[in-house]
Each structure stands twice: as C-alpha cells, then as structure tokens.
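Per TrEMBL, the features are as follows:
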{"type": "TRANSMEM", "residues": "B:20-40", "note": "transmembrane segment"}
{"type": "TRANSMEM", "residues": "B:60-81", "note": "transmembrane segment"}
{"type": "TRANSMEM", "residues": "B:112-130", "note": "transmembrane segment"}
{"type": "TRANSMEM", "residues": "B:142-166", "note": "transmembrane segment"}
{"type": "TRANSMEM", "residues": "B:178-194", "note": "transmembrane segment"}
{"type": "TRANSMEM", "residues": "B:200-222", "note": "transmembrane segment"}
{"type": "TRANSMEM", "residues": "B:229-248", "note": "transmembrane segment"}
Amino acid sequence: MKTIYVSHLKKYYRIFKRREGLLSAFKSLVSRPQHTVKAVDDISFSIGEGELVGFIGPNGAGKTTTLKCLSGLLYPSAGVVEVLGFKPFKRNNNYLKQISLVMGQKNQLWWDLPAMESLRLNKEIYDLTERQFRENLEELSQLLEVGDMAKVPVRQLSLGQRMKMELIAALIHHPKVLFLDEPTIGLDIVMQKKMRDFIAGYNRNHKATIILTSHYMADVKELAKRVIIIDRGRLLYDGNLTDLIKKYADHKVITAHFEKEVKSEDFRKLGKLKSVNGKSVSFTVSRNRAKAVAVDLLKNYRIRDFEIEEPELEDVISIIFQSHPVSHQV
Amino acid sequence: MKKYWFVTKNSMSEYLTYRLNFVLWRVRVVVSVLITFFLWQTIFSGKEVIFNYSESQMMTYIILLSFISAVVLSTQTFRVAEEINRGTLSNFLIRPISYFRFNIARDLSDKMINIAFSLVEVPLIILLFRPAFFWQTDPLNWLLFAAALFLSSLLYFEISMLLSFIGFWSREVWAPRFIFFILIAFLAGTYFPLDIVPPAVYSILRVLPFTYLVFFPLRIYLGGLDSQALVVGFGVTIVWLFILFFVMRRVWQNGLKYYTSEGQ
C-alpha cells in the first residue's frame, strides 16, 4: 500500500471579483461577479513510505492547496485522496495522530504563553505518555538547539526561534507523514541550512514520509530525490531530480577562466553568453556540442581553470514553466 | 478530557496576560449595572410596585444581571469567525481535537474568570449602595436557578457559534453579530424584565430562544413562577437546544466543505 495516494484530484474555488475603486465597491453590494479558480486540476501521484518528495511550482500553482487536501483541511472537489489508508477529509483521530502540517507563516502556539504550555496541550491532544513527551521533546530540542526557549512567551521569540518551536510543536507526536509548506521561509541562510539538516535527519531516523514545498531550490535540491512539479493546478513532471535536469535541460554551462583578459565577441559564436567577467567567461551550449566546444577552447586558449556543469535547477524549472503554457483560468 | 482542561487552563493564563484590558472590562460591567440601578431607583421613588415588580425585586434583577451575564454571556466564540477567516482554524482541524469541545473549554475559562470577579462585585455593590436586595431562600429555587443557568449557557454557546460560522461564507461577520447584540439587549432582558412588555409581545418572546438566556433564570431566582411556567420555560429551552444543536452541526459540516483555509 502506498502511503499517499492521489488520483485525479481537483479542487476548485469560487471567488468574487471586484474591480478597483469606490464606485465598484458600491456596485459589489448589489451584485458580485463570481468565477471559478481551478487551484488543483486533475492531479495524480502516489508516494511510498519514507519518501521525501519536493513539491515545486510558482506562486499559486496549487502546491499548498494539494497539501491542504492531503492533510484533511480542504474538501476535494473531485478525485480520490488517501493517506495511510484514510480519507483525510474525514479527519479520523487515528489519522490526525499520525500526520502533521507545518506552514511556515502560521502558528499554532499560543501567542501570549510560553511555548511549553502549547507543547503540554499537544501532549494531551496526542495522548503521549509523560515519558514519550519528555523523550521527543529532548530529541527535538537538541536537534534544533532551542535551549530554554520553551519557557519564554512566544511573542517574545524571534522569527527563527518561533519557527523552531512551531516545528517542535508540530513534531512532538512523531508523525509518520509530514507536510511541510515553506518551512524555511523568512529564515536566514544559517537557519535554513539547519532546518534542512533537521528535515533530512527526521526523514532518515523516523522513516517518515515527507512532502515539502519550497521557493528555495536549495531546499529541494538538498533534500528531495524526487520532485513533483505543478503549475496552474496541473502536474508537469513527477520523477527523479537528476532525470529532470537531463530531460529538460538541453544545454550545459561552460565556465572558463583564462590566463589573460579575453574579448567576449570571440565566444558569441560558440554559445549563449551568460556572463563575462574580465578573465572569466561563462556561456551555455547545447548538450551534444558541449564536448566539441570544450576541446576547441582548450586547444585555442591558455586556460587556468575550466568547468562544464549542468544548468542551475532554477533555470531548468523556468524552462519547464515556459514550455508548458497551460491555459489560464476558465 | 484532560486535554480540554489544558485548553481552559491555557486560556485563563492567556486572559490574565492582559490585566488592564480585563480590569477595564469589569469596570464597564459594573458601571453599566450602576446606570440601570440608579435609573430604576429614580423610577421607583415614591412608588411601591411598578409593572408588577416590587422595588426589591427590580433592584435584585438589575444587580444579578451582571452575575448572569458573567455566567451565560461571557464567551470567546466570536474568535471562531476570526479563526475561520484568517485560516487559523486549520491549526485545530489538523490535530485530533474536537473544535466544539475546544470552544467549550475556552469559554469555560472566560466564565470562570468573569464569575470570580462578579462574585466580588455583586456583594460590593450591595454593601455600598444598600439596595433592597431579595435573597432567595428556597433551595428548590436555587437548584432550578442553577439548572436554568447551565442550559442558558449552552443555548448561548450554540447561538454564538452559529453566528461565527457565518465566517465560512462571508468575511463580514461583525454586522450580524452586532445586530444580535442589540437583539440580546432587548429580547433577553438585559435592560428590563421582559414581562413588563405588552402581553401580546411577551407571548411571542416566550417562544424565542433569547428570553431564556437571561430573563428566565433571573425570574426563577426571584421566585413566584408557577409550575406550569417552569415546565414551559424549561421545555422551550430544551427544544431550542436540540434544534440549534442540529443546525449548528449541519452548518459546521457544510462550512468545512466550503472552508478554504485562506491566508495559511
């Protein structure tokens, strides 16, 4: 049995349009034009136990909506969703005890109280024994290096500290399935790194199934072997991250560092220039010509250093989004 | 059940974080009691009985209002609408906890704190202004009074939850609630005893739920209700409790299908 099974999932929202201006604000008192947004439009995939999958897509692609359907917050307009054999929307307690949803921008902690009070409440909600609670708390606190922060009222914590406490509150019951929506949003580089290490560790140690959405490709690159790419509610790609790059990136990036200054004109005919910086030139060439161009360069110039790389994940992703013009809202 | 006790406990400590806010709220309650108190004292000057109420009955009614409000009308269920609209409701839906029981637990903290304060205020008002206060001596009346208060609290909970559920369909949840406050003020008896209105009007009010929020328990405390009036009163309350319970559940289930967990 697959841990997560999604088949032909659709979620449509009805929203009201309103034009700008005071007059139209008054008009909207009488009648409001409605239209349907297809936030998720016929998506199917399944995920096995212990997998860590990255969800990629631009803003409004339907990532969060999908996660909300999976965690039982939203009622699907159509299709089948099953997680751990449960129908999420029924919100069976036995289901809810095994999952968690972490949303980077929102909090479950009681704002005016020390985080410990919220954690204690969660201990009761998830039926943890005192020992389980202590152990899990100890483990999470050490991994996230939070020290005594649990005793400080939440409103006095910094964003990073709060995120850590939120994460502890969301994981105190050791969920088997974890939905992470932008877990590193707003964190500094160091904290992002720590958060990533933590997620990878949690996935490894608890064989937890994790779906992660992020705007930071670094998150996805480092954590997920498999990615699911969606745009405007449609699934564009589901598979290995490395295959994705091979499949969609028809070019490679060549960077050469020369002994002395070079003129950029010389390289225009070889490929598409990315950057020219004194003695360094970087340009893209199609995949099948990469080798020939490299040989050519080495023969004709005095080169200090030389690299042939796969294009950046960001570039690949934007190629995918551009090459799949899905018709916009109906 | 322990988890709901933690909700009550946390909610109370949250409450006490904003001490000034709370103290000012209590001041407002006391002042509004005093206003009605002096108003009726003036009306009664030189008269024995008005609208079938003796002065001591009327004064008792006015003063006990603050206590009844603390028990029945103190609630945090208006936050439900906010939680729906802001999407923070998701935090409850994602955990194995009943949102209804959570709200009852949260209301309980409100009620406990408000009751504690009004138990100080009411005797203080009585001591300071020495009104003709009527002490109910019949234990049966006390018992019925307590039972009515309990049912009224549940009734108010259901009505208030329903009002908040408007949040599923509209962001404009304060307008209906405001109208409701006005309704309560007039129809529940928080300004004057309801049976001083013309009998025709009163007979309509008696089938509406509002009467049973404040007026009915107070009337029981004051005594003099015959057994038929008691049976009808409790009967109507219980019927409304059932009706509203099913409506509330239905609206909740439908609302969840409509819920978009915005902003989250």
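Using the three backbone atoms N, Cα and C, a Cβ is placed for every residue, glycine included.
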Candidate ranges B:20-40, B:112-130, B:142-166, B:178-194, B:200-222 - greatest C-beta contact count to the transmembrane segment (B:60-81) (under 8 angstroms): B:142-166
In contact by Cβ distance (the transmembrane segment (B:20-40), the transmembrane segment (B:112-130); 3 or more pairs under 8 Å): yes
Long-range environment of the transmembrane segment (B:142-166) - Cβ separation under 8 angstroms, sequence gap at least 6: 68, 71-73, 75, 77-81, 84, 100, 103-104, 107, 111, 136, 172-173, 176-177, 180, 209, 212-214, 216-217, 220-221, 230, 233-234, 237-238, 240-241, 244-245, 247-248, 251-252, 255
Same-chain residues at least 6 beyond the ends of the transmembrane segment (B:200-222) whose Cβ lies under 8 Å from its Cβ atoms: 57, 60-61, 64-65, 68-69, 72-73, 134, 136, 141-142, 144-145, 148-149, 151-152, 155-156, 159, 183-184, 187-190, 193-194, 230, 232-233, 236-237, 240, 244
Same-chain residue ranges lying at least 6 outside the transmembrane segment (B:20-40) that approach it to Cβ under 8 Å: 58-59, 62-63, 65-66, 69-70, 113, 117-118, 121, 125, 129, 131, 191
